[in-house]
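Novice: Pasting the feature list from TrEMBL:
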- 1-58: domain 'Fibronectin type-III' (DOMAIN)
- 64-159: domain 'Fibronectin type-III' (DOMAIN)
- 163-252: domain 'Ig-like' (DOMAIN)
- 259-353: domain 'Fibronectin type-III' (DOMAIN)
- 359-454: domain 'Fibronectin type-III' (DOMAIN)
- 460-557: domain 'Fibronectin type-III' (DOMAIN)
- 561-646: domain 'Ig-like' (DOMAIN)
- 657-751: domain 'Fibronectin type-III' (DOMAIN)
- 757-817: domain 'Fibronectin type-III' (DOMAIN)
Amino acid sequence: RESDHRAWTPVSYTVTRQNATVQGLTEGKAYFFRIAAENIIGMGPFTETTKEIVIRDPITVPDRPEDLEVKAVTKNSVTLTWNPPKYNGGSDITMYVLESRLIGKEKFHKVTKEKMLDRKYTIEGLKEGDTYEYRVSACNIVGQGKPSFCTKPITCKDEIAPPTLDLDFRDKLIVRVGEAFSLTGRYSGKPAPKVTWLKDDIVVKENDRTKIKTTPTTLCLGVLKSVREDSGKYCVTVENSTGSRKGFCQVNVVDRPSPPVGPVIFDEVHKDHMVVSWKPPLDDGGSEITNYIIEKKDTHRDLWMPVTSATVKTTCKIPKLLEGREYQIRIYAENLYGISDPLISDEMKAKDRFRVPDAPEQPVIKDVTKDSAVVVWNKPYDGGKPITNYIVEKKETMATRWVRVTKDPIFPSTQFKVPDLLEGCEYEFRVSAENEIGVGDPSPPSKPIFARDPIAKPSPPVNPEAVDKTKNSVDLSWQPPRHDGNGKIIGYLVEYQKVGDEEWKKANLTADSCPETKYKVTGLTEGLTYRFRVKAVNAAGESEPAYVHDPVEVKDRLEPPELILDANMAREQHVKAGDTLRLSAVIKGVPFPKVSWKKEDHEVSPKADIEVTGVGSKLEIRNTVHEDGGTYSLTVENPAGSKTVSVKVVVLDKPGPPRNLQVSEVRSDSCYLTWMEPEDDGGSVITNYVVERKDVASAQWVAISSSSKKRSHMAKYLMEGTQYLFRVAAENQFGRGPYVETLKPIKAIDPLHPPGPPKNLHHVDVDKTEVSLVWNRPDRDGGAEITGYLVEYQEDGADEWTKFQTVPMLDCVVTGL
């Protein structure tokens, strides 16, 4: 029966053994059991179990503990945790046994001695650097169960983990003045990191309002009753031996602005309005100034009247004032967080305080020319308003009316170039200043001046030098002076001085005798050395002298010859027959060189005109003929050397006659002509040949080819038996040259060949000293009638044939054998 029921339930009626298995019980419930014996007489009394029995599986040792983990490692300790076994063997766990094994050893050694039921244990007193593995077993009433799976090998050393940082605040934080704020977060790391707080790169120190709290895992910086100075960039640094992490927060403690910066400046004061300006607050309260509020107050009244409450400029016009009254202005600055204390101005009376500018001082006149002058003055007092223009006036000294020199504004310059003056007239000038109020009084008139160009002495001539010399003269050359002193250069004075003397001698007495920038100083002594100088002269007088840089020794100058070739002295010059050949060159050299022209190293033809001047030479041949072609050379020579140039002259003409005219391959209707090109092609390429023929009996030549470029021609269509003469001429772009003619006539007949051999030669009779022979005609007669037959005989064994005689017929008797 169940322990909480009264009724018994039969299990079996037929049990004959001393044991029985009870089926169908519910796990976890408690039961009582009873047994009675039975025989044939009947059932005996029941025996009952003394105490209830709870139905469950049989008790065994516990399963192996689970999730054995290493939680911390140092150089001399290891902390382990684990979970209980899934099944405790049917009995409560009584204790856990933790074992360790040094790597390299075989046996595990028990670590825990006391009865330990905690599932966390720290093994201490280990040796740094040793490596262990661990396992744990659970025990119940039955005994010790299977050990857990071993940990990985664990080496005793300080555990290292880089810092981590998890912040609860954002990059920016805005706080109202007087409020508190805190910056918090969490961190970790092994070894335990050091926590440092910085504000604007300066370490934060605790005081009455600033508190710093740091636990092993959390960090906090708190500020009570914040002030504007608490604004800044806060930085928390978490650092250990493995590295560091940083977190930043820009804290802005905001407040209403400080007052605008004074004093209030009265930029403009008028009878009905003023313009005032000021400077922004030194402290905008951490928020941009959004507005200025401006108010005005009549000093005789206590009421402040609004002017504007919507301006961001630091200047303002104060309107609607009463002339003569005194006013004060006050200005507030405003931002998102409030309105500042006011800036209050000094008292200011509403009245016009500006006037026209004062009269300038007497102007000064400079840089006078024949038609212009520059007027210069000093800036006068501007009457309280900026000067916007100057008015310059002029008048002739004897006149009474002043005239403005220009309608255009003159500002800010305090000088003006007055144009359009009349040359020779005397002028005075005066200046007035103008501002927005009006035009001030004019200055006193300037000193009178005459409109004319000032003339000064010229500057010295530029770069005088000796450009040539002989044994008694020196040629000088220079450039005009850079400044003529506003006067025309009349001329130049040239002076010379013998080296060692003090006295300078004049080479020319008056400047107008040397108007050019060159002069030949004559009458010098050969072999002496002289210095030279030149002065420029205008109406104002002589300039300072300009000196030739180096002394000059007077002697004939030697310069080797130099040839500057004209275009007609190129390497090859072509001229058409009948035209004029001109060859020329510029010649330099000191002394002037001797000039000689040659052709092919011989004297040039007498028909050539040769001209030599002081600067060059020219050769001219009129009506050139082909023979005038060749290599012409020009030689110039002086004591300093010689120079030669050559030019090949080609006279372009008609070609000469072809050479070696030959006739071959004569037939009854044709013949073949060949020839060689002329010795002289006339200086131009042969374009074609003209071939002509003539019947001996005729006076007329007939052209048979006029465009052949080859040096041969087949003359066709001849009449058999007729005798012909042939001639050939060459042509180029300048015309047809002379003909070459065959030396003797050519008869148009087929050529003759020897006849063929007689046929069927045999003897018809023989005697002791003679033989009778007969034969037949040959197959071919060679182109002409056969005139006879030559009979020869030879003794048998001999080498030579002996001529007998020529016979006209087809038989012969050879005698004398």
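Note: Cβ is positioned from N, Cα and C throughout, glycine not excepted.
TrEMBL entries are annotated by machine, without manual review.
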Novice: Counting by DSSP secondary structure, give me helix, strand and coil numbers for the domain 'Fibronectin type-III' (1-58).
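Specialist: Computed counts for the domain 'Fibronectin type-III' (1-58) are 0 helix, 16 strand, 42 coil.
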Novice: I'm checking region-level scores; what's the whole-number mean pLDDT for the domain 'Fibronectin type-III' (460-557)?
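Specialist: Averaged over the domain 'Fibronectin type-III' (460-557), the predicted model reaches a pLDDT of 91.
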Novice: May I have the DSSP-based helix, strand and coil counts for the residues of the domain 'Fibronectin type-III' (657-751)?
Specialist: 0 helix, 47 strand, 48 coil
Novice: Looking at the domain 'Ig-like' (561-646) and the domain 'Fibronectin type-III' (359-454), are there 3+ C-beta pairs under 8 A, with each pair at least 6 apart in sequence?
Specialist: no
